[in-house]
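Asks: Take a look at the following structure, please.
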Amino acid sequence: MLDFRGRWKAALLPLAAVVALSACGSKTGENESSTGAVADTSGDTVKVGLLNSLSGTMAISEVTVRDSIRLAVDEINAAGGVLGKKIEPISEDGASDWPTFAEKAEKLIREDKVAAVFGCWTSASRKAVKPVFEENKALLFYPVQYEGLEQSPYIFYTGATTNQQIVPGLDYLKAQGKTSVYLVGSDYVFPRTANKIIKAYAQANGMTVLGEDYAPLGSTEFGTIVNKVKASKASAVFNTLNGDSNVAFFKEYKSAGLTAASMPVVSVSIAEEEVKSIGTQYLDGQLTAWNYYQTTPGAANEKFVKAYKAKYGQDKPTSDPMEAAYVSVYLWKAMVEKAQSFDVAAVRSASDGVTFEAPEGLVTIDGATQHIYKTARIGKVGSDGLITEVWNSGQPVKPDPYLKGYPWATGLS
Amino acid sequence: MTVIVSQLFTGVSIGAVLLLIALGLSLTFGQMGVINMAHGEFIMAGAYTVFVLQKVITDAGWSLLVALPVAFAVAGLMGVLLEYLLIRRLYARPLDTLLVTWGVSLILQQLARDIFGAPNVQTRAPDSLTGNIKITDDLVLSNNRLFILTLALLAVLALTLTLRYTSLGRRMRAVVQNRDLAAVSGIPTGRVDRLTFFIGSGLAGVAGVALTLLGPIGPTMGTNVIIDAFLVVVAGGIGHLKGSVIVAFALGTLQSLVEYSTTVSVAKVGVFVAIVAFLQWRPQGLFTLRTRSLA
Amino acid sequence: MKTGMRLSWRAGLGFAVGAAVLFAVAPVALSDFRLSLLAKYLCLAMVAVGIGLAWGRGGLLTLGQGVFFGLGGYAMAMHMKLADAGPGEMPDFMQLYGQLDALPWWWRPFANPAFALPATVLLPMLVAFLLGSLVFRRRVRGAYFAILSQALAAAMAILLIGQQGTTGGTNGLTDFQGFFGYDLDDPVNQRMVYFIVAGVLLLLLALCRQLMQSRYGELLVAVRDSEERVRFLGYDPANVKLVAYVTAAGMAGLAGALFVPAVGIINPALIGIVPSIEFVIGVAVGGRASLLGPVLGAVAVAWARTTLSEEFPAAWTYLQGLLFVLVVAFLPGGLASVARLVRRRRRPPPDPAPVSPAPVLTQEVTA
C-alpha cells in the first residue's frame, strides 16, 4: 500500500498545473474583445453549413429539409451563385442528439468557417445551438414552425411563430362555432407552450378547454387518452403530437368511433409526409394549420414542386418545413446581395424588408424580430393524401413571437 | 361507472398487447436465461410482413389473415438464425447475450431503414377492425382491441397446450429446468433450443401483425413497446407462462387506471416503482422455478 | 503474478505517459475545437471507468449509468444556471416556461457551491446506495438487475421531461455563461475545463487501480465468479457489490458534472436507455476487466462516432451493432486481451489453456 503515496502526489501535480493555468481566463461580465468567428469568403466559393439529423429518430423529417436546402443551393449556383461566388454546402449530421447539434454547429463555424448555417428542427436542438451561434456571432436559419418566445440576434426564423399558425387555427375553430377544445400533445416544449397560449386564448374568447394531456415522445399507447377525449365531449381537439405518436393516436381515435365530422382534430405537426405514413384511412377530413401546402396555388409553387419531384422522385411530397427551408436559402442570398457582403453584421442590418416571391406567396423579413411575414392557412386532408386549403388569412401575418399585439396574451412570456 | 368500465377494458387490452409481446420473450428468456433485446425487431419484421403482403394481396382483411402465419414463419426463422449463429455459443454467458442481441437489434433497425426507408409505412386495416361495438353511447369496445385480446388468449392457449401435452413441449420444459440433465437423458438440446426460438420469435411476428392495427409501422416500432414487455417477463418469472399472463394484465390495468387520473408520465414511473417494490417481495418474479441447481 | 515491484513501476510509467499525453501533447496538437471534443470524450471515459469496475470486475451489468451521469450533470447545471441568474433570481427558462412565482424549494440549495459541488457526486451515490441495498439484498441479479437498471434510466428520463417548468423538459439545461465566475466563451477557460477533466480522470484511474489491487478488489472478482462460494466463506456479497455499484455511480456523477461545463448542455436524452447502453459498448471494446481498456475503448468509440457519422451516418449504426455482436461474443476480453493473446502465442504458456471462458476476464491489471 505504501508505494501508492508517490503516485497520489504525481496525480496532484496536474491539478496544481490546472490551478496555475486557470488564472489567466477572463471572468464573466468582463469586457471581451471577441469578434466571433469570421467566415472564410476569400476563395471563389462561399461555404454554408447544413445542420440536420441524418440519423436517429428525427432523420425522417430532417432529411427532407436537407434535400430542399440542397435544391435551393443548386438552383442558385446554376443561376450564377451569390455575389459571383458559388455556394459550397457542407452537410453535418446532428444525429437527433442535441449535444451533437451543438458540437457540429461549432465545427461548421470554427473549422469550416461557413458564412451561414441552415437547419435544426426540434426546439431542443435550436436551444442547444443558440449559445454557439451567439458566442461565435454566426448566422443560423431555422426553418420550422415553433413555440415563439425567442428572438436571438443570430437566428433568422423562417417557419411560423405562434401567431401565424396556432392563433389562426383557433380563430378558425371559433368561426366554425367550436366552443370547447381538448388539448393533446407530446411532452416537450412546443406543445406545452402552445397549449399555454391556447388556454389564454380560450379564456379571452369564450372557449372552454376541457382537458390537456401529454404523451412521452415516441409513445404509442393512446387508449386512455382517447377515452378521456371521448368522455369530455369536446367540440374539437387541438393536436400538437409529434412523429410516431400521431399514427397511434389517429388509429385509436377512429376505432373509438370519433370522426372529423363529430369531433374534428386540428393538427399542427402533420404535413404531407406524415399523412403518407399515418394513412388517409385514418385522417380523411381532419384539419391542419400551416403556411404552405403542396397544393398551394401560384407559379412559384408549381416551379418548386416540379423541381423537387424531378430531383428526388415523383412520389415525394413537399411540405411546409421543406418550403420554409428552401425559402431561407433564397432570403439569405437576397440579404447578402442587399448588403453587398457576407459579413454577419452587414447581413443582419440589411435584413429588414427583404422580400422573396416564395412558393407560399410573398414573404418579407421583419428586421426587428428576424422572423418573416407569412400567410396562415388551414387545410383539410383529402382521401388522396393531399391537403387542400379551406381558409387563409388573406395577407401575410406580421410575426409576433412574444404575442405583444394580443391583449389576452399578456403575462404569457 | 362507465368510465371505470371503459378504462378497465382499455387496461385489459393494453395488457393483451403486452402479453402478446411478452409471451415469446418469456419463452426464450426461460430457455437462455436472458432477455432477447432483438425481440422488438422481430415484432417489427412481423409488421413489415403485413406491409409487404398488402402489395400482393389487396384485400385488407385477407392480407391480415394471411400475414399471421407468414409473419410467424418470418420472425421465427430470424429467431432460429440468431440462435444458430450467435446465441448458442453464449449459453454460458447470459449477460453477454443481452449485449449481443442489443447489437443485433441495432443492425436490424438500420436494415429496415435501408430496405423500407426511415419514414413509417402505412398498412390498411379491414373496415371490420376499425369500427367498434357500441354498448352505450359512452361505452364502446373497439374491434381492433377485441381482436388483439382474442389473439393473445388464443396464443396463450396454443402455447399451454403445446408445452403440456406434446413431446416437444415436455422436452422444452426439461431443457428450461435443467439443461445438463436433459442432455444426459438423451434430449437433443440443440434442436430443442432452435425450436423454442422458432416459436418464441414467431410469436413476436404475430404481435407485430397485431400492432399494425394500433400504432406506427417503422424501424423503431419495436423499441417503443419492448421495455414494458421486459418488465412483464422479469416480474412474471422464468419458465411460467401464467406469471407473464397475470403480470401483463395487472400492469395494463394499473397503467390505464393511474393514467386516467394522472398523466402518462406519472403512470409510467408508477409502473416502474411498482415493479421494483414487487421484486423486493418476489426477487425471482411471481412464480419461481424450483430446481436443484445452485446458481 | 504478484511481483509488486515490477507492476508498480510499470503502473507509474503508464500513469506518467498518460499524464504527458493529456497535459502536454493534446493541448499543443489539437485545435481549441478538437480539444473541447476530447474533453467530452474524457467525461464519457470516466463513466467507463466506473462501469469497468462494476461490470468487468463485479459482474454487475448496469444498463442505467445514464441516471447517475444525469444526476451529477443536472446538479452542476442547476448551480451554473443559478449562478448565471444572480442571487435571488430565477433561471431564464423558468421565467419562460415555468409560470412560477419563486424558485422551487429543491432548486434553492444548489445556489450554494458548497452544496452543489459535493452533491454532484454524493447524490448519485445516495441513489445508487438506496437502490442497490434494496436490490442486492434481495439477491436480484444477472438479467433481472440489468433490466431493472435499464427501466430506471427510462423512468428517470420520462420524469425529467414531464417537469418542463422546473427541469427544462426535453430541452434540458443549456446556455451557460460562466463556470464559477469564469466566462465559458473564453477559449482559455475552455482549456481550463479540459485540464480539470483530464486531471480528474487520472485521479479516478488511480482510485480505481487502488480498489482493484486491494483485498476488496479480489473479493469483488470472487463475487462475480461465484457469489455462493463467497457467501459460504462468510462474506456478504450484497455489500461487496454495493460498494462497486455506488463507486461507479459516483464516477458517473462526477463525469456528468464535468460534462456540463465541457459541452455546455445536459438533457434527458443523455440519460435514457440508449445512451446508457452506449456507455457499455466502449467498455466492452476496450476490455471490461482491465483498468485502461474501458477508458481507451470509450474514447475510441466516441471518436469513431464523431468521425464516421460525419461521412456515413448509416454505416455508423451498422458498425456500432457489429461492435456489440463481434466484440462481446467473440472477444469478451476486449482489445486489452488482444495483446495478451498475441503474447501468449509467441511464448508457450506455462500452464495448460483455460478450460472455461471465465478466466479470460480475470486478468491482471497491466496499466
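Glycine is treated like the rest: Cβ placed from N, Cα and C.
Heads up, here are the entries from TrEMBL:
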REGION    C:347-367  region 'Disordered'
TRANSMEM  C:12-31  transmembrane segment
TRANSMEM  C:37-55  transmembrane segment
TRANSMEM  C:60-80  transmembrane segment
TRANSMEM  C:115-136  transmembrane segment
TRANSMEM  C:143-162  transmembrane segment
TRANSMEM  C:192-208  transmembrane segment
TRANSMEM  C:242-259  transmembrane segment
TRANSMEM  C:265-284  transmembrane segment
TRANSMEM  C:291-308  transmembrane segment
TRANSMEM  C:314-338  transmembrane segment
Asks: May I ask you to check whether the transmembrane segment (C:37-55) and the transmembrane segment (C:143-162) make contact, with contact taken as at least three Cβ pairs under 8 Å and only pairs 6 or more apart in sequence counted?
Replies: no
Asks: Could you tell me whether the transmembrane segment (C:12-31) and the transmembrane segment (C:192-208) have 3+ CB pairs under 8 A, leaving out pairs under 6 positions apart?
Replies: yes
Asks: Cβ pairs under 8 Å with the transmembrane segment (C:265-284): which stretch of C:115-136, C:242-259, C:291-308 has the most?
Replies: C:291-308
Asks: Under an 8 Å Cβ to Cβ limit, what residues of the same chain, 6 or more beyond the ends of the transmembrane segment (C:115-136), are close to it?
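Replies: Result: 67-69, 71-73, 75-76, 78-79, 109, 145, 148, 152, 237-238, 241-242, 245-250, 252-254, 256-257.
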